Amino acid sequence: MAQLPPGIRFITSFSRDQWYRAFIFSLTFLLYASFHLSRKPISIVKGELHKHCAASHEVELNSYKEYAAGIQPVRKPSNVSQCGWEPFDKSNYKQLLGALDYSFLCAYAVGMYLSGIIGERLPIRYYLTVGMLASGLFTAMFGLGYFYNIHNLWFYIMAQIANGLVQTTGWPSVVTCIGNWFGKGRRGLIMGIWNSHTSVGNIVGSLIAAYWVSTCWGLSFVMPGVIIAVMGIVCFLFLIEHPKDVSCSCTPSSVKTQHLLTDSENCSVSLNSSTAVTGGGRHGTSAISFLGALQIPGVIEFSLCLLFAKLVSYTFLFWLPLYITNVEHLDARRAGDLSTLFDVGGIFGGILAGLISDRLQKRASTCGMMLLLAAPTLYMFSAVSKMGLEATVVMLLISGALVNGPYALITTAVSADLGTHKSLKGNARALSTVTAIIDGTGSVGAALGPLLAGLISPSGWNNVFYMLMVADACALLFLLRLIQKELRCNVDHTL
C-alpha cells in the first residue's frame, strides 16, 4: 500500500472535534476583526475632515492680495473647504470630532449593558448576523455623507449613535461562542492569540481607510461597511454556537492536542472564590440576573479597571493618526499607515499577557505589572515622539504592547473565567451577561477618553498624555485588592 501524501496525513492526524474548534476559532476571529475594521475609518479620516490650515491661510492671504489688485479669485466648489469638510473646518474642529467619538462610544457603552442580557435570550447566530448587517449599513451611511454632499453635524452624529448601538451585538456573542468551545486550560494564551483580531481589524481598517482618505474619503467608510455586512452573511451560514449542536464533546479535555485545549488547569485563586451567586441561572436553565452577575467575585474590580484601561486604548484608537499628523507633519494616509504599528504592538502585548497569566496563574497580577510599566512608557512616548520618525516607530510598538495587553486579557480570558465561575454551578448562559458588564463598563471609559482628548488637546498634546498616565494609575488602583489576594495565596501555598 502506498504511503499517504503528507498533506493528507496532516489532515487525518486531527480529530473531528479539533477541526471544528479550529474552524470556530478562525471564524469568530474574522467576524470580530470585521467589527474593529469598521470602527477604524473615523480616526483615519479625521485628518481629512479637518486639514492643517497653515497653508490655507497663506492661500487666503494671496487671494486677498489678488482681489485687491483687481484679479478675480477662482471660486471653489461649495463642498470643498481649504481647512477640510464642513462643519469640521472650523477652529473648534477638535471638539466636533470628539463629539463624533463620544456619540459612538456612549451609545456603545449604554447598549452593551443591554446587549449581553438580550444576547443570552436569543440564538447567537441570528443576533450576531442582524448586528453585523446593521453595522454595515450605518458604517456606510457615514461615508454616504461625502457622496451626497451632507454638511449637517447631526447626520454624522446620528450615524455614529446608531452604529454604536448595533455594534454591541458583537463582543458578548463571540466571547460566549468561543467560551463554549474552549475550556479554561491555557485560556489566557488561546484568547491572547484570538484577541489579536482587535489589532488585525484595526490594521486592515486603517489600510483600507487610508487608501481612499485623500481622494474619496466616503469610500473609507463604505468599503468597511460592505465587508462587515458580507461577514454577517458568513456568520449566518456557518457559525455554530455550541459543540453539542454538531455532537462534539463539550469540553476539550478529550482532544488530542492537550497543550492547547486541556481543561485540567485551575484558574487563578482570585477568580475561584467559593462565594455563591444568587439569582436566576444557577442550574444552567435560565439566564443570570444583572445583580447576580455583579456578585461574582472579581467582576466589579476588573470592570472598573477596564474602564480606565479602555479609556487609554480607545484614546489611541481614535486620536493617534491625528496626533501623528500634527507632530510628524505627515498627510492623513501616511499617518494612518504609521498608526498601525500601535496595533502591531498590541498583538504581541495581548499574546504576552495571556502567556504570562497562564504560566503564573495570576490574571490580576499580570494586568497590574503591565499597567505599572505602561504609565512611564506613555511619558516617554510623549517626549521621544518629537525626536523623529524612528523614535516614534519604536515607542508605538512598545506602547501598543503595554496598553493593549491588560485590555486584551480582561476582555477575553478574565471575562471567560468569571463567566464560567464555579459559583455559577455550570450555568454557561451567564457568560454573555458577565462579558457585557465588564466590556460595557470599559466602554464608559472608551467614551470618556476620546472626549477628554478632544477637550484637552487644544491646550497641548502633553496634557493628553498626562491624562492617560493618570488613567493607567487608576486602573492599577482598582486591581490592588485582587493582586494582594493572589500574592497572599501564593505565599500560603509556598508555606
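Using N, Cα and C of the backbone, Cβ positions are placed for all residues, glycine too.
As recorded in TrEMBL:
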- 27-487: domain 'Major facilitator superfamily (MFS) profile' (DOMAIN)
- 19-37: transmembrane segment (TRANSMEM)
- 96-114: transmembrane segment (TRANSMEM)
- 126-148: transmembrane segment (TRANSMEM)
- 154-182: transmembrane segment (TRANSMEM)
- 194-213: transmembrane segment (TRANSMEM)
- 219-240: transmembrane segment (TRANSMEM)
- 299-320: transmembrane segment (TRANSMEM)
- 340-357: transmembrane segment (TRANSMEM)
- 364-381: transmembrane segment (TRANSMEM)
- 393-418: transmembrane segment (TRANSMEM)
- 430-452: transmembrane segment (TRANSMEM)
- 464-483: transmembrane segment (TRANSMEM)
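Each residue in the domain 'Major facilitator superfamily (MFS) profile' (27-487) has a pLDDT score, and their mean in this model is 80. Beyond the transmembrane segment (19-37), the same-chain residues lying 6 or more positions past its ends with a Cβ under 8 Å from any Cβ of the stretch are 128, 132, 135, 167, 170-171, 174, 177-178, 181-182, 190, 194, 196-198, 200-202, 204-205, 208, 224, 227-228, 231, 234-235, 238-240, 243, 246, 248, 252, 255, 261. Packing against the transmembrane segment (219-240) from elsewhere in the chain are residues 20, 24, 27-28, 30-31, 34-35, 37-38, 40-41, 44-45, 124-126, 128-133, 135-144, 177, 205, 208-213, 246: each is 6 or more residues past its ends and has a CB under 8 Å from a CB in it. Ranked by number of Cβ pairs under 8 Å to the transmembrane segment (364-381), the listed stretches 96-114, 126-148, 194-213, 299-320, 464-483 are led by 464-483.
Among the listed stretches 96-114, 126-148, 194-213, 340-357, 393-418, the one sharing the most Cβ pairs under 8 Å with the transmembrane segment (299-320) is 393-418. When Cβ-Cβ distances below 8 Å are used as the criterion, the transmembrane segment (194-213) is approached by residues 25, 28-30, 32-41, 43-45, 47-48, 178, 219-221, 223-224, 227, 317, 321, 332-333, 336-337, 339-340, 343-344, 346-347, 350-351, 354, 400, 404, 408, 411-412 of the same chain, each at least six residues removed from its ends. When the stretches 96-114, 126-148, 154-182, 340-357, 393-418 are ranked by Cβ pairs under 8 Å to the transmembrane segment (430-452), first place goes to 96-114. Same-chain neighbours of the transmembrane segment (96-114): 39, 42, 46, 49-50, 87-88, 90, 153, 156-157, 160-168, 171-172, 290, 314, 318, 322, 436-437, 439-441, 443-444, 446-447, 450-451, 453-455, counting only residues six or more beyond its ends whose CB sits under 8 Å from a CB of the stretch.
Scored by C-beta pairs under 8 angstroms, the transmembrane segment (393-418) has its highest count with 340-357, from the stretches 126-148, 154-182, 340-357.
The transmembrane segment (154-182) makes no contact with the transmembrane segment (340-357), as judged by fewer than three Cβ pairs under 8 Å among residues 6 or more apart in sequence. For the transmembrane segment (126-148), the list of distant contacts is 31, 34-35, 38, 41-42, 85, 118-119, 155-156, 159-160, 162-163, 166-170, 173-174, 216-222, 224-233, 235-236, 239: same-chain residues at least six beyond its ends, Cβ to Cβ under 8 Å.
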